[in-house]
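Copied over from Swiss-Prot:
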TOPO_DOM  27-423  topological domain 'Virion surface'
REGION    76-101  region 'Interaction with gI'
REGION    186-218  region 'Disordered'
DISULFID  CYS270-CYS296  disulfide bond
DISULFID  CYS279-CYS288  disulfide bond
DISULFID  CYS315-CYS327  disulfide bond
REGION    394-416  region 'Disordered'
TOPO_DOM  445-575  topological domain 'Intravirion'
REGION    484-502  region 'Acidic'
REGION    491-560  region 'Disordered'
Amino acid sequence: MQPTAPPRRRLLPLLLPQLLLFGLMAEAEPATETPGSASVDTVFTARAGAPVFLPGPAARPDVRAVRGWSVLAGACSPPVPEPVCLDDRECFTDVALDAACLRTARVAPLAIAELAERPDSTGDKEFVLADPHVSAQLGRNATGVLIAAAAEEDGGVYFLYDRLIGDAGDEETQLALTLQVATAGAQGAARDEEREPATGPTPGPPPHRTTTRAPPRRHGARFRVLPYHSHVYTPGDSFLLSVRLQSEFFDEAPFSASIDWYFLRTAGDCALIRIYETCIFHPEAPACLHPADAQCSFASPYRSETVYSRLYEQCRPDPAGRWPHECEGAAYAAPVAHLRPANNSVDLVFDDAPAAASGLYVFVLQYNGHVEAWDYSLVVTSDRLVRAVTDHTRPEAAAADAPEPGPPLTSEPAGAPTGPAPWLVVLVGALGLAGLVGIAALAVRVCARRASQKRTYDILNPFGPVYTSLPTNEPLDVVVPVSDDEFSLDEDSFADDDSDDDGPASNPPADAYDLAGAPEPTSGFARAPANGTRSSRSGFKVWFRDPPEDDAAPARAPAAPDYTVVAARLKSILR
């Protein structure tokens with residue numbers, strides 16, 4: 001347990017007469033308080049079987065407050081305050097429990113009340129657990145715990161939680177009263193020890209002087225957090241959840257740090273919430289990732305919700321402790337309406353907190369990548385008040401065939417992002433599918449329309465040069481020479497094959513007719529000039545065989561030319 005704030009000093013003059021009066025009536029003797037006490041205020045010793053009343057400070061009549069009584073007890077011997085030293089510089093008195101007693105330790109609520117801002121009890125709401133043996137009182141006239149007949153198991157630490165709300169500024173105090181019940185055997189032994197004469201101490205050897213070396217210079221930093229472990233609120237309240245971070249630096253080296261707030265929404269049927277400390281330092285351990293009691297325990301931070309996180313890189317130490325606010329860092333805050341970080345970038349501020357904000361809030365501070373400080377605060381409403389303890393052991397791993405426990409079935413916090421409704425998902429999917437089908441149909445129609453409008457042929461010039469022969473019924477005895485540009489006299493295939501003369505070629509025969517020349521009005525064909533020069537022509541020539549001799553068969557009458565082939569080719573071109 002962490003040290004808590006003592007009661008207000010202005011109430012001490014009023015408490016002293018009440019403590020003396022009730023101490024005499026209950027035969028309870030306040031024991032000597034350990035110096036430096038911060039969390040344990042008074043220790044009472046009572047006889048077994050005698051009535052005991054543990055008084056608490058009365059409520060202020062002019063403010064609105066929430067108060068509650070709880071007791072820390074267990075199967076082991078009743079806890080008692082003991083001195084606790086964090087190091088050689090800081091020591092205080094707190095309740096210490098053995099590791100074997102942690103599983104049986106319990107913080108049981110006794111009573112809780114909400115007091116209105118008026119002098120009388122009108123408007124007060126009080127809830128007291130029905131226990132005929134122990135009765136807790138939170139009235140305006142009497143505040144305390146009344147035990148009809150004290151027993152040994154009634155020993156323990158009784159806490160009075162008091163929080164002022166409204167215009168009082170959310171002031172919180174926690175008073176701890178320790179009760180020790182002495183049995184009859186212990187009382188007889190104490191009386192026998194008082195009757196024995198005191199003997200002087202036996203002188204021993206002279207003390208040996210030893211020289212102590214100065215401790216080595218420390219490096220790094222040290223952090224401490226002192227939050228309240230429980231915070232009871234009413235839906236709609238606005239309050240500050242503070243961890244009271246304390247920082248101490250031993251050198252000037254820059255450092256990196258991170259601040260994380262984790263939230264665990266507790267199940268409604270959990271009677272005890274365990275925080276496994278080993279899982280905070282080893283979040284990736286299999287037992288921490290899959291604990292057996294996942295719904296009622298805080299194991300690995302990876303299993304919880306991150307409500308606020310801030311990362312600092314290359315931060316300079318600040319002796320005044322303002323480094324979380326002065327250093328630059330990247331921050332993340334959960335998008336919830338009722339939660340935001342405080343101005344110091346460490347604490348949390350709740351604005352109009354709803355009932356769904358109840359749960360366990362765990363604070364973790366890392367220094368250069370290592371966890372240096374952590375603690376928790378149980379923020380709940382009065383109807384969901386449960387117990388929370390820190391467990392220093394490893395959690396039990398869930399069975400391999402056991403189903404993964406899910407989060408508790410509770411409503412989401414107000415303003416938290418929620419998933420879309422199933423009907424909305426179906427509607428959006430249907431609209432999207434219809435849109436895709438429409439786009440595909442439109443694309444097919446456009447492509448078909450373009451294909452129907454596109455010409456599958458190119459317009460060719462039907463009047464260009466065509467290399468063909470005139471239709472005739474006679475055997476094809478026509479020689480088509482090359483074009484004029486490639487024509488040479490020394491390569492004339494129509495020259496005499498038996499001629500061995502290498503001189504210039506003779507002029508073409510007189511019977512060669514140029515079909516491409518300009519026609520004459522008398523004969524329709526132009527004879528080639530004698531000098532062999534020709535005007536620009538298409539390059540097509542047709543050579544006809546000489547008329548046969550007289551002994552040959554008479555020539556047949558010329559048939560009409562067949563232009564079907566030419567017409568078919570022209571049609572194919574014009575298509």
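Numbering starts at 1 and runs along the chain as it is shown here.
Placement of Cβ uses the backbone N, Cα and C atoms for every residue, glycine included.
Overlay of Swiss-Prot feature records on the structure.
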residue	record	DSSP class
CYS270	disulfide bond	coil
CYS279	disulfide bond	helix
CYS288	disulfide bond	helix
CYS296	disulfide bond	helix
CYS315	disulfide bond	strand
CYS327	disulfide bond	coil
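Candidate disulfide-bonded residues: CYS270, CYS296, CYS315, CYS327. Nearest to CYS288 (disulfide bond) by Cα distance: CYS296. For CYS315 (disulfide bond), the nearest neighbour among the disulfide-bonded residues CYS270, CYS279, CYS296, judged by Cα separation, is CYS279. The Cβ of CYS327 (disulfide bond) has 20 neighbouring Cβ atoms from other residues within 10 Å, across all protein chains displayed. Of the recorded residues, CYS296 (disulfide bond) and CYS327 (disulfide bond) place their C-alpha atoms 37 Å from one another.
Helix, strand and coil content of the region 'Interaction with gI' (76-101), in residues and according to DSSP, is 3 helix, 10 strand, 13 coil. When each of the disulfide-bonded residues CYS288, CYS315 is scored by how many other Cβ atoms sit within 10 Å of its Cβ, CYS315 comes out lowest. If you measure from the Cα atom of CYS279 (disulfide bond) to that of CYS270 (disulfide bond), you get 20 Å. Neighbour counts of Cβ atoms within 10 Å were compared for the disulfide-bonded residues CYS279, CYS296, and the top value is held by CYS279. Annotated pair CYS270 (disulfide bond) and CYS327 (disulfide bond), C-alpha to C-alpha distance, rounded: 40 Å.
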